[in-house]
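Residues or ranges marked as Fe cation binding site in TrEMBL: HIS162, HIS223, HIS296, HIS481.
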Amino acid sequence: VEELNEPISAEITGVFPLWLRGSLLRMGPGLFEIGDEPFHHLFDGQALIHKFDLKGDQVTYFRKFIRTDAYVRAMTENRVVITEFGTTAYPDPCKNIFSRFFTYFRGIEVTDNCLVNVYPIGEDFYAVTETNFITKVDPDSLETLKKVDLCKYLSINGVTAHPHVDADGSLYNIGNCFGKNMSLAYNIVKIPPAQKDKSDPIEKSQVVVQLPSSERLKPSYIHSFGMTENYFVFVEQPVKINLLKFLSSWSVRGATYMDCFESNENMGTWFHLATKDPADYMTNHKFRTSAFNLFHHINAYEDQGFIVVDLCTWKGHDFVYNYLYLANLRQEWEEVKKAAMRAPQPEVRRYVLPLDIHREEQGRNLVSLSYTTATAVLHSDGSIWLEPEVLFVTFCWFLPQIVKLNVQTKEMWVWQEEDCYPSEPLFVPTPGATKEDEGVLLSVVVKPGAERPGFLLVLDAMMLTELARAEVNTVIPVTLHGMYKPPPSP
């Protein structure tokens, strides 16, 4: 799609809550070819920031491409210049053979294509992907302000696009790093809240705790992690990054990020715990379970000496991203559906990790919480085998639904509409709310082929009934993640 020169007005159906006056910011891919060169993977599309401005009975929609180095150089040279998730950038064909040869040996140029998420750090806002580069943006004008290299402040190779914000405003994230003896490890990092002296909190970033990798040169792919009041939860999945392949094949003959992923069929899945204050890795707690893919943590909390972890999992070790190449997604719809049925299927699972472990309890289920069937059994080698409670099964992962699940009663509410594809819903609480689900859900819905092919959907979060929608007369591509920015305080 093209970016917009100015915001466009939406046509409203229903009634927007009068208190809902802010901005919905969303990130996603928006450009899938440069000149004659196509991108190959969904996550290669160049970063596009979207904004719905909500002002009572007036809603506008705006979008702009982020002026990353990847985007600016590609548009200038009319070709793919920086290797993306699933697309290789080759040397400029106009160069002679010697300069092209030496281009391969200059080292890896990491993309700053920040298409995954947008979130605040201190009083600023950053569009992000999963590399070490984040991009400061203006949440009002959507202008690109500054590229920031986190490697200047932290010992990390990259961080996730899903940080956690503590009650005091501190931001926590996780990424892989080089540990002792050139082995790989995982660092949990902290960026402090907004500073009274108006200095940049990123400059005061620090590593708070390091977690070991189960394989020395093959760190697991990390998309998110868990955090409770007193603990960090890291799930080490069997989808691995082969570091040697990453360094050798990419620098010599050209490869993509996707080429360097592999699945370890034998390791299963490991859960790691670390305390927050003081920050320390809990070496005596070794949790194991069967293999699954993990991208998003749903929730994590402490209860009666246990940590309850709710996850959106994908069965097995087959990497879900393999199914998101554009060649697959552009097939006839019936073929897309067949491919989706062959892909790993998603389940919402609840795992329970006991904190108090006694050697004499080998072979017994250590979980005593009355409201879950999840189990944790201590083995003779000191490891604890976890079996989940399956809270929800989706039989078809391309099925376009928003589902609300009460994890205690298992009651479900569903929103769906024919040929409509909703984005991840964002919850906005009603001012002064007294119930945890008192508020609205916001979702950007793609409706291919319709007269107005995209709209902002507003649902009552309690019952999932539609309150309103704001339709715009322009194509909206898929969005991945984002945030609701409330209006400034009076």
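Cβ atoms here come from the backbone N, Cα and C positions, even for glycine.
All protein chains shown were included, and the count of other CB atoms within 10 Å of the CB of HIS481 (Fe cation binding site) stands at 20. Annotated Fe cation site HIS162, HIS223, HIS296, HIS481; additional same-chain residues within 8 Å of its Cβ mean position, judged by their own Cβ, are VAL116, ASN117, THR160, ALA161, SER224, PHE295, HIS297. Of the listed binding-site residues HIS162, HIS223, HIS296, the Cβ environment within 10 Å is emptiest of other Cβ atoms at HIS296.
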